[in-house]
């Protein structure tokens with residue numbers, strides 16, 4: 001009989017577990033500490049629980065931590081890990097080390113419904129949403145976990161399309177009984193879904209990054225079908241109702257395509273669209289994917305685009321590209337094993 005995973009449980013849920021097993025009330029906090037702070041590899045290591053209570057716990061539960069089943073290493077130090085989340089489902093997480101920080105790009109779904117033209121994950125179609133356990137396992141089972149400084153929800157899937165489980169995972173990441181991370185260390189990236197965006201802003205203090213890619217609705221809808229359901233102009237109007245001037249950061253992601261969205265008219269329209277918002281723009285280099293007739297703009301074009309926006313008061317950066325040689329860069333998260341499973 002399958003056992004229930006403890007990883008991904010809130011303190012309230014752990015209190016229900018200990019109550020049902022006849023354990024003392026304080027045992028829930030002890031279990032949470034072992035799970036999220038002390039990084040145990042088995043229930044037997046929870047030594048401040050009595051042997052009897054450990055045996056009771058083991059009878060119905062396990063840690064719910066599963067090591068990656070495969071990995072690929074880039075020449076730039078980036079590592080892509082493959083996690084098996086069920087018999088036929090796989091997701092990837094990408095570890096990105098830098099001089100003074102180490103970031104993990106985490107997945108929220110197997111595949112994605114959004115079908116953005118430039119994204120390999122969307123070409124897979126949608127298979128399943130991850131549980132909080134499966135989201136947090138990408139962190140808990142990471143070999144470099146102790147080096148992590150930041151987490152970005154920018155992997156496979158649309159986080160706002162799996163908001164209950166994503167919010168639960170973020171709560172555990174930031175709760176004092178959980179990992180105890182500052183929300184400033186976590187960024188969620190989204191195409192922007194009407195039903196989820198407002199709830200995320202109001203229930204989480206983590207940074208928010210919106211996939212923009214064109215300031216013109218008709219063109220954005222060609223690149224990102226989600227535009228047809230919730231336009232970027234409506235989204236900006238909603239975002240203006242919230243204060244992003246303090247510790248929380250609002251960013252807009254902008255992949256620069258050669259001859260598509262890289263001219264001065266686009267920069268001017270971006271300034272017009274985002275006027276009045278306390279935000280920044282991250283320019284991203286496009287990496288070619290099979291069957292997509294888009295090409296990345298050159299660095300000179302991207303630099304000019306950045307300088308124009310910044311000189312007109314919109315702080316803009318060019319994001320460093322990492323892991324291209326192992327298909328780990330933005331829009332390239334697509335697993336051969338998942339595609340193989342979908343065919344079977």
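Backbone N, Cα and C atoms are what each Cβ position is placed from, and that goes for glycine too.
Now, the feature entries from Swiss-Prot:
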type: ACT_SITE; residues: 92; note: active site, proton acceptor
type: DOMAIN; residues: 98-325; note: domain 'Radical SAM core'
type: DISULFID; residues: 105-330; note: disulfide bond
type: BINDING; residues: 112, 116, 119; note: [4Fe-4S] cluster binding site
type: BINDING; residues: 157, 158, 189, 211, 212, 213, 287; note: S-adenosyl-L-methionine binding site
type: ACT_SITE; residues: 330; note: active site, S-methylcysteine intermediate
- Item | Local confidence of the domain 'Radical SAM core' (98-325) - pLDDT mean | 96
- residue 116 ([4Fe-4S] cluster binding site) to residue 158 (S-adenosyl-L-methionine binding site), Cα to Cα, whole Å, comes out at 11
- Task: Output the one of 213, 287 that, of all these binding-site residues, has the highest number of other Cβ atoms within 10 Å of its Cβ.
- Result: 213
- Query: Out of 92, 105, 112, 119, which of these recorded positions is nearest residue 158 (S-adenosyl-L-methionine binding site) by C-alpha distance?
  - Reply: 112
- Would you count the other C-beta atoms found within 10 angstroms of the C-beta of residue 158 (S-adenosyl-L-methionine binding site) for me? 27
- Does DSSP put residue 157 (S-adenosyl-L-methionine binding site) in a helix, in a strand, or in coil? coil
- Task: Express the distance between the Cα positions of residue 189 (S-adenosyl-L-methionine binding site) and residue 119 ([4Fe-4S] cluster binding site) as a whole number of Å.
- Result: 14
- Item | Nearest of the recorded positions (92, 112, 119) to residue 287 (S-adenosyl-L-methionine binding site), judged by Cα-Cα distance | 119
- Task: Count the other Cβ atoms sitting within 10 Å of the Cβ of residue 212 (S-adenosyl-L-methionine binding site), across every protein chain shown.
- Result: 26
- Query: In the structure shown, which of the recorded positions 105, 112, 116, 119 has the fewest other Cβ atoms within 10 Å?
  - Reply: 116
- Task: Express the distance between the Cα positions of residue 112 ([4Fe-4S] cluster binding site) and the residue listed as 'active site, proton acceptor' as a whole number of Å.
- Result: 13
- Query: Cα distance, residue 212 (S-adenosyl-L-methionine binding site) to the residue listed as 'active site, proton acceptor', nearest Å?
  - Reply: 23
- Item | Largest separation between Cα atoms (Å) of residues that the record links to S-adenosyl-L-methionine, namely 157, 158, 189, 211, 212, 213, 287 | 20
- Task: Could you check the binding-site residues 189, 211 and say which one's CB has the fewest neighbouring CB atoms inside 10 Å?
- Result: 189
- Using C-alpha atoms only, work out the spacing between residue 105 (disulfide bond) and residue 119 ([4Fe-4S] cluster binding site) and round it to an integer in Å. 15
